[in-house]
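Database features, via TrEMBL:
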type	residues	note
ACT_SITE	B:E406	active site, proton donor
BINDING	B:H30, B:H261, B:R352, B:S379, B:H456, B:D464, B:H468, B:R515	substrate binding site
BINDING	B:H70, B:G119, B:P120, B:L121, B:G158, B:N187, B:H261, B:F432	thiamine diphosphate binding site
BINDING	B:D157, B:N187, B:I189	Mg(2+) binding site
DOMAIN	B:349-520	domain 'Transketolase-like pyrimidine-binding'
SITE	B:H30	site 'Important for catalytic activity'
SITE	B:H261	site 'Important for catalytic activity'
There are 2 protein chains.
Amino acid sequence: MSLDPARLTPMANAIRALSMDAVQAANSGHPGMPMGMADVATVLWSKYLKFDPKAPHWADRDRFVLSAGHGSMLIYSLLHLSGYAHPTMDEIANFRQLGSPCAGHPENFLLDGVEATTGPLGQGLAMAVGMAIAERHLNAEFGSDLVDHRTWIIAGDGCLMEGVNHEAIGLAGHLGLGRLIVLWDDNNITIDGSIELSTSEDIEARYRAAGWHTVRCDGHDYADIQSAIDEALADGRPSLVACKTIIGKGAPNKQGTSATHGAALGEAEVAAARETLGWEYPPFVVPDEILGHWRKTGERGADVRGKWEERLSASDKGAELSRRMAGDLPAGFSLADYIAKLYADPKKVATRKASEMALEVINGLLPETIGGSADLTGSNNTKTSQTHGMTVGDYSGRYVYYGIREFGMAAAMNGMALHGGVIPYGGTFLIFSDYCRNAIRMAALQEIRSIFVLTHDSIGLGEDGPTHQPVEQVMSLRLIPNLNVYRPADAVETAECWQLALKDKDTPSVLALTRQNLPQLRSEGDMLSARGGYRLRAARAGRKVVLVASGSEVELACAVADSLEGQGIGADVVSMPCTELFEAQDAAYKAGLLPADVLKVSIEAGVTHGWERYTGLDGLNIGLNRFGASAPAEALFEKFGFSADQIVPKILDKLNG
Amino acid sequence: MSLDPARLTPMANAIRALSMDAVQAANSGHPGMPMGMADVATVLWSKYLKFDPKAPHWADRDRFVLSAGHGSMLIYSLLHLSGYAHPTMDEIANFRQLGSPCAGHPENFLLDGVEATTGPLGQGLAMAVGMAIAERHLNAEFGSDLVDHRTWIIAGDGCLMEGVNHEAIGLAGHLGLGRLIVLWDDNNITIDGSIELSTSEDIEARYRAAGWHTVRCDGHDYADIQSAIDEALADGRPSLVACKTIIGKGAPNKQGTSATHGAALGEAEVAAARETLGWEYPPFVVPDEILGHWRKTGERGADVRGKWEERLSASDKGAELSRRMAGDLPAGFSLADYIAKLYADPKKVATRKASEMALEVINGLLPETIGGSADLTGSNNTKTSQTHGMTVGDYSGRYVYYGIREFGMAAAMNGMALHGGVIPYGGTFLIFSDYCRNAIRMAALQEIRSIFVLTHDSIGLGEDGPTHQPVEQVMSLRLIPNLNVYRPADAVETAECWQLALKDKDTPSVLALTRQNLPQLRSEGDMLSARGGYRLRAARAGRKVVLVASGSEVELACAVADSLEGQGIGADVVSMPCTELFEAQDAAYKAGLLPADVLKVSIEAGVTHGWERYTGLDGLNIGLNRFGASAPAEALFEKFGFSADQIVPKILDKLNG
């Protein structure tokens with residue numbers, strides 16, 4: 001398609017006009033980036049991006065990620081102009097208003113064509129790395145006839161300054177993801193002003209140090225943009241295209257300054273920009289001729305997609321690829337047989353080891369899993385016999401050595417899940433969920449199936465001490481909406497939790513797993529963990545107490561119950577592997593498990609704040625409301641009160657008090 | 001001091017022996033790094049490091065940070081050998097046991113000479129950047145006679161791969177912190193194996209891209225180490241000294257492999273290492289001659305310190321420097337006058353603006369504050385008339401433009417607080433506490449006065465949408481031990497919370513502040529926020545309800561109370577700016593505020609999980625247990641049920657139900 005400026009300039013100006021008008025109407029938003037990157041985006045969508053607005057879920061489409069998500073009007077403009085069903089012009093006119101899919105930042109769950117929710121800086125790029133990994137992996141498995149696409153990113157200075165960028169580009173460079181192209185909006189401006197206020201970095205040199213190809217262009221010169229992208233395409237490495245732009249280009253009095261970054265231009269400046277751009281049309285009107293040019297860009301991909309559909313139909317791998325891209329597990333997937341074996345032959349193992357045992361079965365049944373660890377493979381127990389390392393030479397590997405890059409890992413996992421066709425799981429120590437917490441949140445917000453395997457889940461970690469001992473992490477992860485936090489008590493629950501995590505397409509999961517060995521407490525029952533909490537043991541004497549515990553403390557709760565029962569005090573033990581699933585049960589089930597008229601006692605080796613939800617103001621919460629210490633695990637559990645000998649008297653006091 | 005190998009080799013081997021023996025005795029720990037870096041550390045401590053074990057708090061000492069904190073036996077060895085009072089040899093022999101200050105990772109609160117708690121990778125280096133900032137700033141103010149020291153870091157590959165490293169070195173390069181020297185343990189090994197599994201980066205090129213000087217040396221050749229450090233000292237930029245080492249050097253069968261990284265060598269290999277090293281002494285015995293050499297290194301600094309003490313005594317700035325280094329506020333520091341003005345002339349402002357107003361007073365009274373923001377200066381309202389930007393040319397500036405580097409900022413703030421002499425505060429959006437969460441935790445663990453100014457603290461942020469709207473952040477920060485989370489309701493509480501945060505030397509603070517304007521609810525009272533929660537309004541009719549709220553929802557609670565009172569239902573309003581301080585009150589105070597016999601209702605625009613602690617199983621919790629949305633704030637509060645019209649019926653249902 002011709003890149004004649006006479007044709008492209010009005011197309012780019014359509015983006016500028018929609019962006020400044022929508023922000024002005026909302027009196028809120030970021031006009032600077034869309035106006036600055038309009039030319040680059042127009043070239044990309046007109047000539048390079050492989051997409052078909054009529055089939056936004058086409059598996060082999062290029063992925064386009066607006067990592068600088070605050071510039072959301074750029075992608076809303078592109079989607080509308082190129083012919084996606086949404087956003088409509090009305091929806092654009094209602095930018096940032098309740099009910100419009102044109103949210104302040106682009107949300108993957110609101111609009112087709114928004115491949116990732118972006119806004120938290122750096123993560124769009126880091127998720128794109130995961131998309132590119134998924135693409136190469138599926139290409140290795142399904143061949144170039146079926147999987148052969150690129151991942152494009154528009155990123156700003158903010159994305160590049162964030163630490164997660166370092167992790168992401170290090171991973172991409174190491175894995176040689178040559179089909180990844182970052183278009184950097186090199187405009188010298190951040191919110192606080194010139195980038196010179198805060199940075200002196202040679203960004204291109206840094207990217208090259210990470211194994212990337214870099215090239216520069218004038219981001220307002222169509223031919224130069226084209227030649228830079230062509231150079232990027234020709235290079236085997238991932239590419240950074242530094243597009244020198246003027247932020248807010250077209251707004252004559254404000255362009256090139258941070259005044260255009262994050263606020264409406266104002267009526268006068270919008271009018272002046274219309275003049276400057278020669279844009280004579282009212283807000284939210286794009287003349288037919290310009291719209292026609294844009295719609296043609298949206299029609300480029302139809303033929304390519306049609307041929308791809310034919311190849312898919314003809315391929316003996318087509319059905320399998322379609323299944324995977326739909327996110328469906330193979331029919332009948334279940335760990336029931338494995339759990340039956342555990343019932344027959346109980347195992348006393350750490351739940352991290354139990355997780356490995358379950359994964360050995362899962363990875364055999366599900367070819368779509370891709371495991372990994374942030375340099376704790378042997379500790380997280382995330383590698384099984386089916387998963388060899390993914391390398392530049394062999395993308396068929398189902399195991400990613402993420403390096404010491406927790407945030408980059410979690411974001412890349414999210415990108416894989418967003419891409420589809422694979423189910424990512426990855427491990428680190430639970431404490432380092434702190435390092436990737438916002439990516440875990442972004443998995444929840446984006447409603448995707450990322451599975452975080454977080455081991456060493458309490459002071460049971462032992463000698464490494466308080467920097468490595470989670471205390472508040474389990475409870476704090478429970479606070480994230482749409483995230484299932486599993487803390488299984490034994491090998492059986494671990495398998496059940498894995499099955500639940502895998503079957504839930506729209507909710508990410510955390511598996512909090514022990515370093516230390518735990519006895520197998522379950523020898524019967526069918527997927528009891530699906531209820532979130534369940535009665536593991538019923539009181540024998542008259543029930544006066546219900547003990548609620550999770551993970552490694554369920555064993556302790558059983559010991560406490562034994563002691564109480566020995567004194568004639570009946571005590572239920574409720575195992576609570578997942579409070580979120582328990583919350584979803586009906587009121588009768590919950591009241592039956594945690595009745596009003598008995599003393600309810602929670603036991604968990606973490607902060608107690610939050611357990612009052614189940615134990616009430618009259619209950620007793622056994623936990624750890626301080627940082628841990630460095631010592632062997634047994635010594636720590638004893639020191640911090642986690643023994644039946646120390647807990648039982650507290651319960652007796654409560655009962656008698 | 002001579003760097004004769006005949007003298008240094010046994011000194012370095014003493015480190016190796018103590019390290020392998022202590023890890024062997026604990027059967028847990030990391031011998032590889034101390035054994036690999038023993039030679040480099042011996043050169044550093046013998047010739048370069050400015051320190052005096054007899055005066056570990058000497059203000060002008062060099063700071064030494066073991067960023068690769070898992071190699072803790074390196075610093076324990078160095079402290080013991082060079083003559084610090086602790087650790088004793090007994091304490092070393094009890095490495096990683098309960099009660100020994102020789103914890104798995106070095107803890108600043110357990111041992112003098114441990115300048116920072118390290119272990120969470122990358123953060124030691126990032127904190128060291130803050131130390132170097134504090135040094136240059138105090139140097140600018142107090143002159144080279146009183147403040148003139150260096151910051152040294154030992155870092156491993158893990159530290160360098162973490163994203164926070166990118167942010168930290170970007171900041172250090174930009175600020176030209178030439179007195180910062182990183183000794184990189186370049187051993188090619190991570191936990192998973194060779195670094196080639198996960199990275200292909202040219203680390204030195206990356207550091208140079210960030211404005212650093214780099215130099216290489218053989219980390220086992222004393223002369224080469226010396227010449228590399230000399231080159232680093234001669235260069236005006238911050239320096240990375242790449243020390244090529246063999247991990248676990250001295251363990252003949254395991255050195256150079258990840259087998260030495262994180263596990264005891266085993267008795268046989270320890271014996272073989274003794275042979276290889278020619279170390280004939282039993283565990284935990286260092287012969288007098290070798291110990292004597294080490295003690296001499298510890299005596300190098302005494303003269304220098306003596307002369308410095310003389311200059312301090314002679315200087316008219318000495319008392320002020322001593323006050324600041326002690327962390328004491330000027331006598332009589334108080335915001336009472338400012339608060340009295342608010343009482344006289346109430347202000348309806350956003351609490352972020354109220355924070356700026358308070359800071360304008362604070363920064364006038366306290367010359368030791370250093371503010372900053374992660375590129376949200378105008379949004380966080382962190383800059384006042386007294387604070388101009390810190391630059392390479394002017395370190396006297398009291399404002400750091402941190403750039404889009406939340407984690408790097410928070411860690412640097414911690415480093416400043418650890419250095420002493422300054423009180424750091426820094427801003428970002430509350431949502432991005434997720435990006436720096438572990439640094440906030442590290443402030444709490446290290447018991448330091450970092451003050452995190454986190455604005456846009458709820459859906460009140462409005463149009464930016466769910467990626468930017470905190471929902472679970474306030475509650476999840478409350479779960480971190482030794483962290484005070486303040487969410488003030490108006491300009492008065494904001495000032496009170498600032499005063500409380502500044503006065504607490506050993507506890508970091510979060511100030512969660514609104515974007516939107518709030519009326520001033522208080523017109524009397526003296527530091528009521530110090531109780532954490534207090535009765536803002538007492539029921540007029542017979543009390544049936546207690547409304548507990550924080551921040552922007554206190555205004556709403558007052559409206560709800562008005563409506564209830566209008567129906568003859570008495571309702572207290574409790575403002576709860578800080579649950580942690582409330583928890584510290586006595587039982588009578590707490591029961592008086594939240595009595596057992598009334599309906600307790602919490603109102604907070606965030607997750608409700610955790611409020612049951614105050615409202616019980618029979619209470620009512622008004623909150624937001626899902627992600628937000630993009631719309632103007634008023635529309636969101638209405639949509640999500642935050643209006644008196646929607647809340648009052650729920651309360652009536654409860655009262656009648």
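Backbone N, Cα and C define each Cβ position, glycine as well.
These numbers come from a predicted model, not from an experiment.
Following the DSSP three-state reduction, the secondary structure of B:D157 (Mg(2+) binding site) is helix. The number of other Cβ atoms within 10 Å of the Cβ belonging to B:I189 (Mg(2+) binding site), over all protein chains shown, comes to 25. Those binding-site residues from B:H30, B:G119, B:L121, B:G158 lying by chain A, with Cβ under 8 Å from one of its Cβ atoms, are B:G119, B:L121, B:G158. Taking Cβ-Cβ distances under 8 Å and a sequence separation of 6 or more, the neighbours of B:H30 (substrate binding site) in its chain are B:V23, B:H70, B:G71, B:S72, B:M73, B:H261, B:G262.
Cβ contacts within 10 Å of B:H261 (substrate binding site), excluding its own Cβ and spanning all protein chains shown: 23. Taking Cβ-Cβ distances under 8 Å and a sequence separation of 6 or more, the neighbours of B:H468 (substrate binding site) in its chain are B:F429, B:I431, B:H456, B:L461. Look at the Cβ of each of the binding-site residues B:N187, B:S379 and count the other Cβ atoms within 10 Å; the largest number goes with B:N187. Neighbour density for B:G119 (thiamine diphosphate binding site): within 10 A of its CB lie 25 other CB atoms from the protein chains shown. If you measure from the Cα atom of B:N187 (thiamine diphosphate binding site) to that of B:D157 (Mg(2+) binding site), you get 8 Å. In the three-state DSSP assignment, the secondary structure recorded for B:F432 (thiamine diphosphate binding site) is helix. Cβ neighbour count for the residue listed as 'active site, proton donor' (all protein chains, 10 Å cutoff from its Cβ): 32. When the recorded positions B:P120, B:L121, B:S379, B:E406 are compared by Cα distance to B:I189 (Mg(2+) binding site), the shortest distance belongs to B:L121. For the residue listed as 'active site, proton donor', the nearest of the binding-site residues B:L121, B:G158, B:R515 in terms of C-alpha separation is B:L121. In the shown protein chains, 28 other C-beta atoms lie within 10 A of the C-beta of B:P120 (thiamine diphosphate binding site). Taking the domain 'Transketolase-like pyrimidine-binding' (B:349-520) as a whole, pLDDT averages 98 in the prediction. Within 10 Å of the C-beta of B:L121 (thiamine diphosphate binding site) we count 27 further C-beta atoms, all protein chains included. When Cβ atoms from all protein chains are considered, those within 10 Å of B:H70 (thiamine diphosphate binding site) total 26, not counting its own.
By neighbour count, meaning other C-beta atoms within 10 Å, the densest spot among the binding-site residues B:R352, B:H456, B:R515 is B:H456.
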